[in-house]
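Input: a single structure, listed below in structure tokens.
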Amino acid sequence: MNWETALPLLIVLSSLIPGLIIFFLAEKQVVARITLNMAAALIKLALVGVMLWGVFHGHHYEIRLPFLPGLDLVLRADPLSMLFVTLSASLWLATTVYAIGYLEDSPNRSRFFGFFSLCVTATVGLALAGNLLTFVLFYELLTLTTYPLVVHRGTEVARLAGRKYLIYTVGGGALLLLATVWLYTLAGTLEFTARGFLSGLDAVHYPALIIIFVLLIAGLGVKAALIPFHGWLPQAMVAPAPVSALLHAVAVVKAGAFGIVRVVYDVFGIEFAASLGVTLPLAILASATIIYGSLRALFQDDLKRRLAFSTVSQVSYIVLGVAVAGPIATIGGLVHLVHQGVQKITLFFCAGILAETLGIHKISEMNGVGRRMPWTMAAFTIGAFGMIGAPPLAGFISKWYLGLGALDAGQNWVIFILAASSLLNAAYFLPILYRAWFKAPPASWPDERSFGKRETAWALLAPAVITAALTLGLGLLASMPYSPLEWVRFITEQEYAP
Amino acid sequence: MTGDIVGIPWIVVLIVLPLTGGMACFLFPTISKSLGLIFALAIFTAVVGLGWQLVEQGAQRYAIGGWGASLGIDLYADGLSLLMLVTAALVGLGVSVYSGAYFSREKAKHFWPLWLLLWAALNALFLSADIFNLYVTLELLGLAAVALIALADGADALNSAMRYLLVSLLGSLFYLLGVALLYHSFGSLDIAILAQRMEPTPAVWSAVGLMSAGLLLKTALFPMHFWLPAAHACAPAPVSALLSALVVKASFYILLRLWLEVFALTDTSLGQLLGLLGATAVLWGGIQALRQTRLKLLIAYSTVAQLGYLFLAFPLGTNIAWKGACYMLLSHAIAKAAMFMAAGNILRFCGHDRIADLDRIAQRLPLTLTAFALAGVSIMGLPPSGGFIGKWLLLEASMSAGQWWWAVILILGGLLAAAYFFRVIGYAFTRAGLTHEVGVVPARMEWAALVLALAAILLGFISPAALELMGIGTPFGGERAG
């Protein structure tokens with residue numbers, strides 16, 4: 001075991017082991033729990049940093065464990081996996097700080113943080129998965145470890161939301177498993193390969209491959225909240241705010257989108273997928289999801305529900321970018337994986353702060369809240385403008401490349417989707433901002449807690465401000481070396497090289 | 001040193017040890033708890049010894065008293081026998097640890113001799129090389145099981161023990177008739193000799209029908225599962241674990257062994273029929289489990305469904321399908337034993353096992369709930385777990401055979417399992433203001449369930465080695481052909 005095989009394993013273990021230890025901590029061992037949580041998050045981020053540097057300098061990180069006859073569990077670092085791992089590890093750190101602040105004094109914290117760590121373990125595991133089997137394994141693990149977080153509050157509403165979450169995700173997992181086995185019996189391998197491993201197959205199998213593609217996309221689309229599989233996401237909003245952040249930005253939804261990217265590029269290969277004729281339907285499905293999610297978001301008064309429908313819409317940008325089947329659109333889609341994560345986590349952090357500090361859950365209660373909580377609402381505003389795609393924020397970069405890529409690939413209709421979606425984004429975000437900044441605040445807030453001179457607890461505010469700053473930075477510094485945009489260019493060159 | 005260990009006739013030791021243990025527990029009831037545990041450990045060690053022997057020397061045949069087949073009694077051990085012995089040893093050890101704390105002194109006096117007798121019958125069954133010995137051990141097994149069910153108090157338990165006795169006797173009777181027919185036709189009871197002389201005559205077909213019917217009844221394959229839920233739910237928790245994990249598997253083992261070696265009937269309509277019944281069992285058991293309001297009944301119906309999976313290998317008949325079914329058998333045994341033990345803990349804690357009132361379990365019995373959840377992961381066939389490996393192999397076998405409909409059944413079965421399993425978990429997480437009469441659950445009972453459940457998960461990581469061991473003596477035919 002040398003450094004190059006140990007590193008992927010260490011990155012997975014760096015949250016698995018602390019997570020398992022946390023389960024055995026008593027509720028009142030607050031210091032030990034916080035230390036473990038923070039240490040795990042920092043160590044993981046450091047390890048990811050080392051690996052990022054290594055991958056950029058051409059090192060090859062891979063570990064294999066025999067798992068089934070002829071099939072290994074493979075953890076491997078390639079540029080695409082690094083994109084997701086880095087995103088998850090960074091946002092996990094922010095979410096950990098936030099969760100520690102958020103769950104102060106609530107019951108069952110050991111259980112919560114235990115599953116919280118396992119959830120991130122599953123996420124980095126599926127990001128580093130080197131074949132479809134490993135991906136499926138961690139994908140299912142992610143379902144199992146997020147369920148206790150969704151039902152954490154233990155209320156009847158939470159139980160029902162958890163049930164719905166399971167019906168969707170376990171069903172999706174089953175489709176994914178079936179498709180994976182089928183693929184294995186046809187191709188004899190499941191190893192992720194740049195530009196896919198299926199193009200050599202006999203043309204007799206093409207109909208089967210199309211069915212497999214549909215099954216895979218359906219299985220992954222559940223977590224990515226593509227219509228008609230998005231129903232669980234808005235209902236899962238009963239979970240505590242850090243869990244929402246995890247679901248929407250760090251782990252679950254991203255895992256689905258990332259899986260679709262993997263399937264299209266490294267299982268089928270984009271050119272082969274396009275020749276099977278499956279990319280255009282996928283692009284249409286993604287477009288429909290984008291418009292539908294935005295339309296539904298317009299009519300939600302509950303802040304977290306509006307954000308949830310916004311996620312339904314925004315995550316499909318990633319899928320759209322992939323399905324348009326051109327290198328520039330790919331850049332737009334992949335970079336949105338990062339940008340959407342950073343922006344959406346900011347918004348959810350802020351929504352949680354509003355609920356915890358002032359008891360605000362509905363948009364109609366947000367009049368004048370900008371005056372009471374200027375920092376929080378400033379962060380929220382940056383996130384919202386990012387979502388709308390206003391320059392110079394991160395979201396603008398994504399949309400720019402998506403639009404350019406669609407034109408480049410000769411799919412002009414996508415421009416209209418992007419335009420319509422941006423209008424809708426503005427239509428559901430701007431009224432919130434207007435209320436918050438320009439309307440007069442009410443005489444009293446629904447359920448106010450005092451934090452002295454500060455507007456709220458620093459552990460809640462700091463992560464939100466930092467991710468808002470990131471949103472700005474990712475947009476302004478998009479062309480700097482080591483930025484996500486540059487990294488995504490690096491990935492795209494490999495997938496489209498002649 | 002190594003030579004000495006390999007030289008010991010572990011086959012015989014494996015039968016003599018539990019028998020001696022049973023007698024010892026009967027003679028010295030005051031120390032039966034410690035005696036039972038010591039013997040359980042010894043048997044476990046002996047299984048490891050046999051495993052080592054098989055790895056070193058390949059499949060083993062042992063003639064008792066040196067008489068040899070057709071006259072004397074032969075014992076035979078290959079990878080398939082080893083699998084069954086390991087299953088029994090793992091579950092047996094777990095149950096022994098658990099039972100040490102579960103039974104009162106009065107009950108323990110009866111439990112230990114019966115349980116070790118049952119273990120002896122199991123081991124002898126898995127090592128028998130002729131079809132009459134299989135009958136004897138099967139009968140012994142049934143009687144020990146009936147007596148164990150009757151350990152529970154109440155009219156319900158007696159009732160279901162009685163029903164179980166009748167079913168068990170009827171099943172053995174059918175089997176015995178088949179044995180008589182075969183002996184009449186071929187003049188031998190030895191499986192290897194029968195395999196050579198086998199030819200398709202009407203008598204053989206009748207024998208196949210009779211023996212299969214008897215064994216299927218005892219294995220509780222749909223629609224002959226009617227006796228199982230009541231019997232498995234009424235018994236004391238460790239006994240439920242034994243029944244679901246081991247006893248029903250014994251008759252399945254005989255059927256599998258005969259099918260593979262004597263009948264060689266793969267690719268016939270009988271195989272398709274078994275597959276069809278298995279598929280129905282998967283769906284029916286799952287739906288029934290979903291409808292139960294009591295935890296132990298739910299788990300018992302889950303057994304009905306899981307047994308159905310084992311029969312999906314029959315219409316496929318490939319090496320990989322058999323291995324998949326056997327992996328399923330192993331992991332179901334361990335996971336289900338853990339599940340019944342966890343249910344026993346819950347029953348003791350709450351004083352009831354109504355699913356809708358299982359609140360506070362998550363907070364008050366975290367180890368038990370973890371055991372239940374981990375066992376559930378394997379039962380659902382989610383990765384990483386033994387259940388997943390078995391399911392994957394069966395899926396792979398059915399997709400490569402082009403019989404995709406079995407794959408659909410496997411997937412649907414998994415979904416049903418997830419549905420009934422998470423119904424329990426969902427209630428366990430709810431918060432209720434009620435305070436129950438809380439019974440004390442000894443730590444030993446919680447840990448026994450948890451360790452077994454962890455073993456079921458661990459099985460998901462050792463499949464290459466385990467499948468290798470299972471293939472000693474090629475019980476499932478060659479790699480490619482059936």
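Easy rule for this one: first residue shown is 1, then count along the chain.
Positions of Cβ are set from backbone N, Cα and C atoms, glycine also.
Under 8 Å from some Cβ of the transmembrane segment (B:6-28) lie the Cβ atoms of residues 35-36, 38-40, 42-43, 46-47, 49-50, 52-53, 56-57, 60, 62, 64, 75, 77, 85, 112-117, 119-120, 123-124, 127, all in the same chain and six or more residues away from its ends. If you look up TrEMBL, you'll see B:6-28 (among others) marked as transmembrane segment.
What TrEMBL records for B:35-55 (among others) is transmembrane segment. Residues of the same chain lying 6 or more positions beyond the ends of the transmembrane segment (B:35-55) and with a Cβ under 8 Å from any Cβ of it are 5-6, 8, 10-11, 13-14, 17-18, 20-21, 24-25, 28, 77-79, 82, 85-86, 88-90, 92-93, 96-97, 99-100, 112, 115-116, 119, 123, 469, 472-473.
Positions annotated as transmembrane segment by TrEMBL: B:75-98 (among others).
Counting same-chain residues at least six beyond the ends of the transmembrane segment (B:110-128), those with a Cβ under 8 angstroms from any Cβ of the stretch are 11, 14-15, 17-19, 21-23, 25-26, 32-33, 35-36, 39, 43, 75-77, 81, 84-85, 88, 92, 95-96, 99, 103, 134, 137-138, 140-141, 144-145, 147-148, 151, 238, 242, 246-247, 250, 253-254. What TrEMBL lists as transmembrane segment is B:110-128 (among others).
What TrEMBL lists as domain 'NADH:quinone oxidoreductase/Mrp antiporter transmembrane' is B:128-413.
Sequence-remote contacts of a segment are chain residues at least 6 beyond its ends whose Cβ falls under 8 Å from one of its Cβ atoms, and for the transmembrane segment (B:134-152) they are 107, 110-111, 114-115, 117-118, 120-122, 124-125, 128, 158, 160-161, 164-165, 168-169, 171-172, 175-176, 179, 218, 231, 234-236, 239, 242-243, 247, 250-251, 254. What TrEMBL records for B:134-152 (among others) is transmembrane segment.
Remote same-chain residues near the transmembrane segment (B:164-183) are listed as 131-132, 135, 138-139, 142-143, 145-146, 149, 189, 194, 203-204, 206-211, 213-215, 217-218, 227, 231, 251, 254 (criterion: CB distance under 8 Å, separation of at least six residues from the stretch ends). Annotation comment: TrEMBL describes B:164-183 (among others) as transmembrane segment.
Taken from TrEMBL, the feature transmembrane segment applies to B:272-290 (among others).
TrEMBL lists B:297-314 (among others) with the feature transmembrane segment.
The transmembrane segment feature in TrEMBL is assigned to B:320-344 (among others).
Residues or ranges marked as transmembrane segment by TrEMBL: B:365-384 (among others).
Annotation comment: TrEMBL describes B:404-426 (among others) as transmembrane segment.
Long-range Cβ contacts of the transmembrane segment (B:447-467) within its own chain (Cβ-Cβ under 8 Å, at least 6 residues beyond either end) map to 90-91, 94-95, 97-98, 323, 327, 330-331, 334-335, 337-339, 341-342, 344-345, 367-368, 370-375, 377-378, 383-389. Per TrEMBL, the feature transmembrane segment maps to B:447-467 (among others).
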Counting only pairs at least 6 apart in sequence, do the transmembrane segment (B:272-290) and the transmembrane segment (B:75-98) share 3+ Cβ pairs under 8 Å?
no
